[in-house]
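Pulled from Swiss-Prot, these are the features on record:
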BINDING   44, 49, 55, 283  [4Fe-4S] cluster 1 binding site
DOMAIN    56-272  domain 'Radical SAM core'
BINDING   70, 74, 77  [4Fe-4S] cluster 2 binding site
């Protein structure tokens, strides 16, 4: 059973289920070299993802467009904050080159927040989708966008380019937003996801939250209900891991049994797909999950 009690993680040793092997393989090195040669950023490195070794060894990577400097300063995130670089107009082409050379069946594109841009970078997302469609027409495309706060209908620019999956992470429960995600608004994120689904119901919508930040079980279940009300198809739940001493503390380490509980409840609430485990991240096994999403939708139609 899942407990509401938050056990402090101060001075706690990271449990065995959160330990991963250091990245080291020929495939990992070749993926790393290609990404560097094309001058692309990845959230895998910038956000210090624990799954980088496994994913890059399989030639899977989540590309981060619009630079590596974010205009927000979320308490959980390892991406640098400051004044962003100018938008690189050649980046969509280089990204399409990487997708083609890696032979990707599924690509995930994310970005830093770009509050300095009039559309938050939405048109750049759309260009990336268009270039990939032209050069790798069989590759499925998943976007993980910012919230486009105060950028009127910027999400629609991305949705019109017709990604296969539109992901926007809710990140945490409403009561922790001021502490964890102060530059964002919970209901703005919910509305974005719902508007995408209303605009084009064929686009799979996806969102994720981190646990272990101080939330209660009841709050997590309420987020599930809110996301289902917004017609979100796919939910991911993973353990928050503190990137450095300057980031927000881990409240507790959530056990694998608790993740199983959350997954079971989420499925009962009607999500087409649920991925809930300590090491789950938004784009972890994204290609496999996309294929399963398509199968689940077909089963529901039949």
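Keep in mind that glycine also has a Cβ here, set from the backbone N, Cα and C atoms.
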Neighbours of 70, 74, 77 excl. site residues, C-beta within 8 Å of centre, [4Fe-4S] cluster 2 = 72, 73, 76, 78, 79, 81, 112, 113
Note = Confidence over the domain 'Radical SAM core' (56-272), expressed as mean pLDDT on the 0 to 100 scale, is 93
Task = May I ask you to report the DSSP-based helix, strand or coil state of residue 70 ([4Fe-4S] cluster 2 binding site)?
result = strand
Ask   = residue 77 ([4Fe-4S] cluster 2 binding site) to residue 283 ([4Fe-4S] cluster 1 binding site): how many Å between their Cα atoms?
value = 16
Note = Lowest 10 Å Cβ neighbour count of the binding-site residues 70, 74, 77 is held by 74
Inquiry  = Give me the CA-CA distance between residue 283 ([4Fe-4S] cluster 1 binding site) and residue 74 ([4Fe-4S] cluster 2 binding site), in Å, as a whole number.
reply    = 19
